[in-house]
Amino acid sequence: MSVLISPALLNGSSAPATEEDEESLTHPLLNSLSRSASNNTSQVAIVGSSVSPIESLDYEIMENDYFKQDWRCGEKIQILQYVSMKWMMCFFIGLLVGLVGFCNNLAVENIAGMKFVVTSDLMRARRYTTAFLVFASSNFGLTLFAGLITAFIAPEAAGSGIPEVKAYLNGVDAPAIFSLRTLFVKIVGSISAVSGSLVIGKAGPMVHTGACIAALMGQGGSQKYGLTWKWLKYFKNDRDRRDLVTCGSAAGMAAAFRAPVGGLLFALEEMTSWWRSALLWRAFFTTAVVAIVLRALIDVCLSGKCGLFGKGGLIMFDVTSANVAYQIWDVPPVLLLAVIGGIWASLYNFLQDRVLRIYNRINERRAAYKIVLALTVSIFTSCLLFGLPWLAPCRPCPSDTSEPCPTIGRNGNYKKFQCPPGHYNDLASLFFNTNDDAIKNLFSKNTDAEFHPFSMLIFFITCFFLSIFSYGIVAPAGLFVPVIVTGAAYGRFIGMMFGSHSTLNHGLFAVLGSASFLGGSMRMTVSLCVIILELTNNLLLLPLMMLVLLISKTVADAFNGNIYDLIMRAKGFPYLERHAEPYLRQLSVSDVVTGPLQLFNGIEKVGNIVHVLKTTGHNGFPVVNERPHSAAPVLFGLVLRTHLVTLLKKKAFLQNPVPAGDDAFEQFSADDFAKKGLGHGDRVEDIQLTDEEMDMFIDLHPFCNTSPFTVVETMSLAKALMLFREVGLRHLLVIPKVSGRIPVVGIITRHDFMPEHVLSLHPSLAKSKWKRLRVKLPRGVKII
């Protein structure tokens, strides 16, 4: 029979037993009970723009008898096929992500380019009102389309997707984050939203897109739409799928910036929580495939076969110069730029966190509220992008420029806007371009006299606030490109302030400004340094780049945390940090487990199993052997809910409580116990059983993980956290320190390590919570 351990018994309480307690007192194990734990980790979080249930992933291999028998029967050719399939999957992931990345840029450049060409033609004809209406209505329609498909088809596709993928790689799963419809909306919605002149990027959505492609291929397609391939059955487990998603996220970043090494380091430094050398090789191979695919496709576009696809997008930004050099007196301005950039980036994170929390309250309501919010941001953005260039003075065209002035056609540094012939509007050259082209203009060399300081200040402030208010709407939106363009404007403005006091040109200051904002906001160093170097193709900036990233990150750490960590916290993901809070060392694992604990016998009655599955949400159950199968109660292993449902569905029942023979495996296949697809798996409520079957028995021994990870109840909670995180566990069994008691006293899950749970049980420890040396903002600033 199953055992429900009462919290009263666990705490040694002498309180009167309830009816449930009296019923369980008949079990012989209850004579020596001490403590138990619940392993129900079901929670909810904001996934994209919708509130969805989440659950933990289990990267531990279930080493039951069936797994061992299936593995022993595997021949060398099958093992070779398994290893070969991993490399083939990485190749196809890189190929598909490269194609999607190229098509994304091609679509954005053509859609946005057509909009800017039509608007510019109307401006040259002095039809200003018509030009504004065309510009604003185009942005309105594109944003509306992105909002509609996101809100009604795949709300999980909203946002950048990096927090969701990062949480997944930490062990948190949410339904539909890697589904086929999410992939479709992520691609189409990102193209539409970016083309609608919102101050958002496509790097984050590309990371999510790469992860979606990898996850769908790893599970053999989409079960919901009948698109599955049985030859991919080898990867239907959390561990292999995690590795593929890691490769997919690295490929997505590589495709966004054509930075293969940067994408690899981004996945290593920021995304994944588990890393090993074999995964490093496969991820490097995946990003290399992406780079080759993009190079081949870009060569096709250079011949003029891609419409309005210009020199922005995937093309490296031109800041190279034959005489790039700097002197010792150039270092102080760079240091000042890094310090101020870190402060601005921390303020950016602070405001982004506050705005996102407000948006989350709106997004929790009906879809109409989400769409109205997105359209409001679109209208406000269109008014600013069209209206602010009127404040900038017209500047005469330089005589030594290498391109037409004013600009004719799609892209260029010299937009005419409302200026007379022979003049250009420098602010319109930034606003009336895609974000990629704006970055190219800011990074370009030999353009120190092209922009006015007042125009650069307006552009910096506008991008700073528009990027904050644009992220969080119901549309795929990234943060990388907005932070880069904001930082570039800031760096170029600093370069203008120093003027002749530095030998660095304004384009190089823009690159360093982007680095300071990225380091202060994302809090990455190595991967960002390599991404920017691959983005600009300028290795001579490496020492200054490293210095700026280190200083800006250190300064920003004094105020708040990583932008993606703040977003994950605002969304409610139970993310396990790399470090343990000091108060966790003051607690043992027995201090956080809570009851009741549910146990199963090695040979259990069907009715008891059905009752437990229907009345609890637990995902793992300890299996204990008692007499006559064991001289004393002993922990045999752990059985998963999904495996129990499979046994009930297959009706692997016994008439009598006796061990099953070797023929117990004949009615099962390896696919029966494989990780289900992204859709909902089988439910116990859907299984029809007769009264006669409810009185039968199931031998759980062959289907238990006989070597689950266990810790002694006196172990430090901090040490248990490190084990839980590094191994990638979902359940951690707690065993007693002394014998003669129940063989398992509780189960530790992800929920038990969360600060909210621990401090709710022990509120006196809140004073010892880890506090960084951070500058506290004045109360007036905290009104938001």
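Glycine too: its Cβ is placed from the backbone N, Cα and C atoms.
Cβ atoms under 8 Å from those of the transmembrane segment (85-107) belong to residues 187, 190-191, 195, 202, 206, 209-210, 213-214, 217-218, 232, 234-235, 240, 243-244, 247-248, 251-252, 254-256, 282-283, 285-294, 297-298, 301, 306-307, 309, 313-314, 436 of the same chain, restricted to positions at least 6 beyond its ends. Under the heading transmembrane segment, TrEMBL lists 85-107 (among others).
The transmembrane segment annotation in TrEMBL covers 128-154 (among others). Residues 48-49, 111, 115, 118-119, 122, 176, 179, 181-182, 184-186, 188-190, 192-193, 195-198, 367, 370-371, 374-375, 377-379, 381-383, 385-386, 418, 473-476 of the same chain lie 6+ residues outside the transmembrane segment (128-154) yet bring a C-beta within less than 8 angstroms of a C-beta in it.
Residues or ranges marked as transmembrane segment in TrEMBL: 174-200 (among others).
Taken from TrEMBL, the feature transmembrane segment covers 244-267 (among others). With a cut-off of 8 Å between Cβ atoms, the residues of this chain six or more beyond the transmembrane segment (244-267) that come close are 89-90, 93-94, 97-98, 100-102, 165, 168-169, 178, 202-203, 206-215, 217-218, 235, 279-280, 282-284, 286-291, 294, 314, 316, 480, 524, 526-528, 530-535.
Look at TrEMBL and you will find 279-297 (among others) tagged as transmembrane segment. Using a Cβ-Cβ cut-off under 8 Å and counting only residues 6 or more beyond its ends in the same chain, the transmembrane segment (279-297) has close neighbours at 86-87, 90-91, 93-95, 97-99, 101-102, 243, 246-248, 250-251, 254-255, 258, 260-261, 263-264, 267-268, 314.
Per TrEMBL, transmembrane segment is recorded for 309-328 (among others).
TrEMBL lists 334-351 (among others) with the feature transmembrane segment. Beyond the transmembrane segment (334-351), the same-chain residues lying 6 or more positions past its ends with a Cβ under 8 Å from any Cβ of the stretch are 464, 468, 483, 486-487, 490-491, 494, 504, 509, 512-513, 516-521, 544, 547-548, 551-556, 558-563, 566, 777, 784.
Summarising the annotation, TrEMBL assigns transmembrane segment to 371-392 (among others). Same-chain residues lying 6+ beyond the ends of the transmembrane segment (371-392) with a Cβ under 8 Å from its Cβ atoms: 131-132, 135-136, 139-140, 143-144, 146-148, 151, 196-199, 359, 362-363, 417-418, 425-428, 431-432, 452, 454-455, 458, 462, 466, 469-470, 473-475.
Feature annotation from TrEMBL assigns transmembrane segment to 454-487 (among others).
What TrEMBL lists as transmembrane segment is 508-533 (among others). Sequence-distant neighbours of the transmembrane segment (508-533) (same chain, 6+ residues past either end, Cβ-Cβ under 8 Å): 253, 257, 259, 261-263, 265-266, 268-270, 319, 324, 334, 337-338, 340-346, 348-349, 439, 442-443, 445, 479-480, 483-495, 498, 502, 539, 541-542, 544-546, 548-553, 555-557, 561-564.
Per TrEMBL, the feature transmembrane segment maps to 539-559 (among others).
For the domain 'CBS' (704-764), the DSSP-based tally of helix, strand and coil residues reads 24 helix, 12 strand, 25 coil. According to TrEMBL, the feature domain 'CBS' maps to 704-764.
Beyond the transmembrane segment (174-200), the same-chain residues lying 6 or more positions past its ends with a Cβ under 8 Å from any Cβ of the stretch are 45, 47-48, 52-55, 100, 103-104, 107-108, 111-112, 115, 135, 138-143, 145-146, 149-150, 153-154, 156-157, 161, 164-165, 167-168, 206, 208-209, 211-213, 215-216, 222, 224-225, 227, 245, 377-378, 381-382, 385, 434-435, 463, 466-467, 470-471, 473, 475-479, 481-482, 485, 678-680.
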